[in-house]
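J.: One structure, pasted below without further comment.
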Amino acid sequence: MNNLYEALNTFLADQTVLSMKIHNVHWYMVGEGFFPMHKEMDKLYDQAQENIDLVAERLLVLGAKPLGSLKEMLARTSVEELSDTHVNVVEGVQSLIADFDRLYNLALHIVKEAENVEDPGTADHFTAISQDLGKTLWMLKAYTHNAK
């Protein structure tokens, strides 16, 4: 179970830092596509918050301890923070793609880890999360498809 707990805490850290990065894109993006993408960032942020709560509570249900400080999250995450400067809408979206890709692949890994330890609850949660992340990743890539 320790591998599963570690993976869940890594997901928690990545999702928490990505949530802040989404907020920065939301606040600082400028240019063509601002209005629709501004609303989309709200949706991505809301989904991130749901995932954060679900993962932390799942760890507690399993008798494990979720990371509880930003310091711990920053030490664990592979998500690079975004500075507080204006960014073109497409560049802002592009800055999120690699992070969503890593999170998607981590979710798939967690499904396998959960199945290995016969934890269908976690496997089910992360099957759903991976489906949502996969769709989001597809949409972000489609939005930036013709960007240079």
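Glycine too: its Cβ is placed from the backbone N, Cα and C atoms.
Dumping what TrEMBL says about this protein:
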DOMAIN    6-146  domain 'Ferritin/DPS'
J.: Could you tell me the mean pLDDT over the domain 'Ferritin/DPS' (6-146), as a whole number?
T.: 97
J.: Mind tallying the domain 'Ferritin/DPS' (6-146) by DSSP state, helix then strand then coil?
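T.: Secondary-structure composition of the domain 'Ferritin/DPS' (6-146): 110 helix, 4 strand, 27 coil.
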